[in-house]
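S.K.: What follows is a structure written as structure tokens; I'll ask about it next.
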Amino acid sequence: MSVKTLTIDNQLISAREGETVLETARNANIGIPTLCHLEGLSTVGACRLCLVEVEGVSKLLPACVTVVQEGMMIQTHTERLQHYRRMIVELLLAEGNHVCAVCVSNGNCELQDLAVEMGIDHVDLTYQFPDRKVDISHARFGIDHNRCVLCTRCIRVCDEVEGAHTWDMAGRGHTAHVISDLNQPWGEASSCTSCGKCVNACPTGALFHRGSTVGEMQHEREQLSFIMTARQQQQWVR
Amino acid sequence: MTPNNTVVQAPPANDKRLRLLEATMKRHQYRPDALIEVLHRAQELFGYLDIKLLLHIAQRLKLPPSQVYGVATFYHFFSLAPKGVHSCVVCMGTACYVKQAAQLLSFLEKETGIQVGETTSDGQLSLMTARCLGACGIAPTVVFDDQLEGHQTVESVGERLNTCLGVEA
């Protein structure tokens, strides 16, 4: 396997061929914020938080889907990028109904972490306050569309890891939302195996265990990464 | 896992339209990537995409129902509710828009009591908008039952709506 040498944030780094910029940066302890990316799932490059500047390329490139090339000169934390990232998180906060004070994931939320990291203490944009639903028809889990950021992690984990494909995205634009089967209540979706992987994949409190109250909902990412790598690495015991 | 068809019954198998739809799917060798073509044909045959019909297509093309529903709701062309007997399409292209097409639309919405994209409760009229009909020279334009009407005003559109619905003015 050939080795590619590149520069990230003025740091000389070697990467394996075929690796993405995100993987390489994370291996070198350079943090690039992400939201729709989840280790072990396919990448969609939807959230645009991992955009980086590559010398010689006029466009910004998403690090999660950009493959490393020899001699790349990458900047991950320029002022422009930080401005855009902050804007993206502000847009996400204004688009849904994100009220941390009453959220089950308060303190365990990737959106909240991003906002804290970027020092977002207020949002300049007009809040949309969309009229969205909560579905607690499932016996063990619930989905609150108010807190959904449409990252499609639940859709991908259900399709690629569990193989059930209960979830998908319906509608478009501001009416886009996650659906189970034929837009049925989750409890009536016959393809659902109640495995709970989507709940563990959710970055916010949109998918939660029923009965959890403010700040109680913890996402077990370890369970997910264990399932995803168990067969590959033949590590059957956690 | 209980099979889906125990929850929602597929349409009766003796429906002629279903056999035509089956022929279309067969022509595409039941390939999952022919979903959009099949949905087109289904809407052509049935006028709209019923939820049971979507489930039927999902089963035949071996696709997850949620994916079929997602595709059907992504494109504005597909309708999941039955269309009205008559249709009224207001052009919202730039030329029509500057010629007060928005006022025509809000008048029609007030007159019929429905919002754009909806069908009246008696199933008589569907109100829709179009991006541009390409007839900018006679803006603002409104299409009643596939018949294009140019130079529309609030008065003329009201009259035309009544003749379209067969109401004596």
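A Cβ is built for glycine as well, from the same backbone N, Cα and C atoms used for every other residue.
The structure displayed is predicted, hence computed values, not measured ones.
The [2Fe-2S] cluster binding site annotation in TrEMBL covers B:Cys91, B:Cys96, B:Cys132, B:Cys136.
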S.K.: Might you list, by sequence position, any residue in that chain lying six or more from B:Cys91 ([2Fe-2S] cluster binding site) with a Cβ less than 8 Å away from its Cβ?
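M.R.: Same-chain residues close to B:Cys91 ([2Fe-2S] cluster binding site) (Cβ under 8 Å, separated by 6 or more) are B:Ala101, B:Thr129, B:Ala130, B:Cys132, B:Leu133, B:Ala135, B:Ala139, B:Pro140, B:Thr141, B:Val142, B:Val143.
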S.K.: Compute the mean position of the Cβ atoms of B:Cys91, B:Cys96, B:Cys132, B:Cys136, which form the recorded [2Fe-2S] cluster site, and then list in sequence order the other residues of that chain whose Cβ is within 8 Å of it.
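M.R.: Result: B:Met92, B:Gly93, B:Thr94, B:Ala95, B:Tyr97, B:Ala101, B:Ala130, B:Leu133, B:Gly134, B:Ala135, B:Ala139, B:Pro140, B:Thr141.
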S.K.: What residue among the binding-site residues B:Cys96, B:Cys132, B:Cys136 has the most other CB atoms lying within 10 A of its CB?
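M.R.: The largest 10 Å Cβ neighbour count belongs to B:Cys96.
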S.K.: Helix, strand or coil by DSSP: which one applies to B:Cys91 ([2Fe-2S] cluster binding site)?
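M.R.: Where B:Cys91 ([2Fe-2S] cluster binding site) sits, the three-state DSSP reduction gives strand.
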S.K.: Through the lens of DSSP with three states only, how would you label B:Cys132 ([2Fe-2S] cluster binding site)?
M.R.: coil
